[in-house]
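Visitor: Take a look at what TrEMBL says about it:
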{"type": "BINDING", "residues": "N114, S140, G141, G142, H198, N199, Y203, K272, R299, R453, H459", "note": "substrate binding site"}
{"type": "DOMAIN", "residues": "191-475", "note": "domain '6-phosphogluconate dehydrogenase C-terminal'"}
{"type": "ACT_SITE", "residues": "K195", "note": "active site, proton acceptor"}
{"type": "ACT_SITE", "residues": "E202", "note": "active site, proton donor"}
Amino acid sequence: MITSRSTTEPTIMECPIGVVGTGVMGASLARNLERNLKQPIAIFDLNQEKVDVLLAQHPEADLRGFSEVGEFVGSLKHPQVVLLMVPAGKPVEAALASLCAELEPGAMVIDGGNTHYIETEKHIAYAAQHGIKFIGMGVSGGEQGALWGPSLMLGGDPSVWEALKPLLEPIAAKAEDGQPCVTLVGSGASGHFTKMVHNGIEYADIELISEAYTLLRSAGLTTKEVATELSSWNQGKNRSFLLESAVEVLSVKDPTHEGSLVDHILDQAKGKGTGAWTVMAGADYGVAVSIIGASTFVRSASSAVREREAWLHPEGEQTPRLNVSPTTIRDAYFTARLIAYQQGMSLLAAASAENNWGINLADISRIWRAGCIIRAGFLGDISAIYENDPESASFTATEPFRGQVIAGMHSLRQTVAGASLAAIPIPALATSLNHQTLLETPRLSTALVQLLRDYFGAHTFERTDAAGSFHIVWEDDRQQIQTSS
Ligand SMILES: NC(=O)C1=CN([C@@H]2O[C@H](COP(=O)(O)OP(=O)(O)OC[C@H]3O[C@@H](n4cnc5c(N)ncnc54)[C@H](OP(=O)(O)O)[C@@H]3O)[C@@H](O)[C@H]2O)C=CC1
Ligand SMILES: O=C(CO)[C@H](O)[C@H](O)COP(=O)(O)O
């Protein structure tokens, strides 16, 4: 059944793209596509009511609604292009299976949801059996971004990008220089991997801002004053969407009680999985994403209600007093934020090398300049560093960031020390300090780690003065033997 309000005639091969899933993101993206492509857009949802509501609420948009997959597919121009905006997991599998039965070989199915990249690899193989290209595409920007300009991270081959460019560039966010925030980030599942890492950085920055808020409150500022302080931080290259969002949410008064809304919010955060996936990917690829880890586990620890109750401090909710200035907290936050972005970039580089995805970090930082949740004023400078040196080991070790990190480390140290003495938990700031200190330390405690592993498990060790692997015959004469050259 066709439920389009825009036409009484059946829609056959008129739509350049169809959207499956008309929830928060799908509805906004369908409207964005219609507004920018100025062509009818097909929409389909298992929940017919959602389609009807969308059509009723937006009579100005030429959206063609369908309740039957065959008719939905029949409304698409060739090559057929479908954008899936359904929850990850079973809904993607179910939607893909029903589409593969209807679409013609050569069709393209884009999954714009937050699907785990390993699942994406399976979907690519499944669709290929039907001659269909499955494309994992990270979409960031939330509901408003989807409507007015998201950042889009596409994974696939160059022919897919050529075909989809005319559909995606018009709907993507535009950076200050007018460039659209969409690109082919690499092959295979790299689009979804990139979005996952984006969300990992999002977890870290949200936690760092939240810790800075707590510290500023402990330093004696009211919530209103914290909002003003954060607003003063949100300038020039330091500005970011998340800082701007913090200023906005901290300025909201509680609708039912005295004071700020934030004072009446339960201090137990949850997540939908992308932060944890980033931590697991870090472990898989051997990249320290420790700040993202700390930020993910804060949410778990905050929600461990029984354990927290068992340890609750007798002084209850008294705010500890912190003797660190707002300027020092600001510089600590700016420094930790750069270190967190670097961890995400390092993970992208490692996974790309391992999978031959061909991810270009300059392009990724370029398309994160607008539209996405982690957009920030300094991403243009990060992009320039990777443009100049695609193999750069670390943008933070390169100017202008190197000088900023060196200058900011003292503030980060003062802040972490002050918070520790005042018994204020700041896992993300503390982890940033430790991670950066580790990178700057000429000789680490991991020498003893090597030796202990060899002692109990004959895992061998490497030496500073000779190549190859060695083992000590611990239980005998403690001779050193070379196990490989
Ligand atoms: N919300 C956000 O800010 C962002 C979300 N994302 C990701 O985008 C994806 C979609 O998110 P969102 O729009 O928030 O989700 P919603 O739950 O709001 O919308 C999903 C819609 O898809 C429908 N649906 C489920 N299964 C099928 C199917 N097999 N065929 C057709 N329609 C189906 C659902 O119907 P029903 O209601 O009956 O279940 C629902 O209407 C997720 O992967 C999410 O993680 C990405 C970026 C930001
Ligand atoms: O994808 C997004 C933004 O780009 C979502 O906002 C993000 O996934 C929220 O994650 P969580 O609910 O786990 O905090």
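Heads up, the Cβ atoms here are built off N, Cα and C, so glycines get one too.
Show me how these features fit into the structure around them.
Guide: All chains included, 21 other C-beta atoms sit within 10 angstroms of the C-beta of N114 (substrate binding site).
Over all protein chains present, the Cβ of K195 (active site, proton acceptor) has 27 other Cβ atoms lying within 10 Å.
Neighbour count (other Cβ atoms within 10 Å of the Cβ, all protein chains): 24 for E202 (active site, proton donor).
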Visitor: Could you round the CA separation between R299 (substrate binding site) and E202 (active site, proton donor) to a whole angstrom and send it over?
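Guide: So the Cα of E202 (active site, proton donor) lies 13 Å away from that of R299 (substrate binding site).
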Visitor: Measuring CB to CB from Y203 (substrate binding site), give everything in the same chain under 8 Å that is also at least six residues away in sequence.
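Guide: Spatial neighbours, sequence-distant, of Y203 (substrate binding site): G271, T274, G275, T278, I292, S295, T296, R299.
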Visitor: Long-range neighbours only, meaning 6 or more apart in sequence with Cβ under 8 Å: which ones does H459 (substrate binding site) have?
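Guide: The answer is Q450, R453.
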Visitor: In Å, rounded, how far does the Cα of K195 (active site, proton acceptor) sit from the Cα of E202 (active site, proton donor)?
Guide: 10
Visitor: Using the alpha carbons only, what distance in Å do you get between G141 (substrate binding site) and E202 (active site, proton donor) once rounded?
Guide: 11
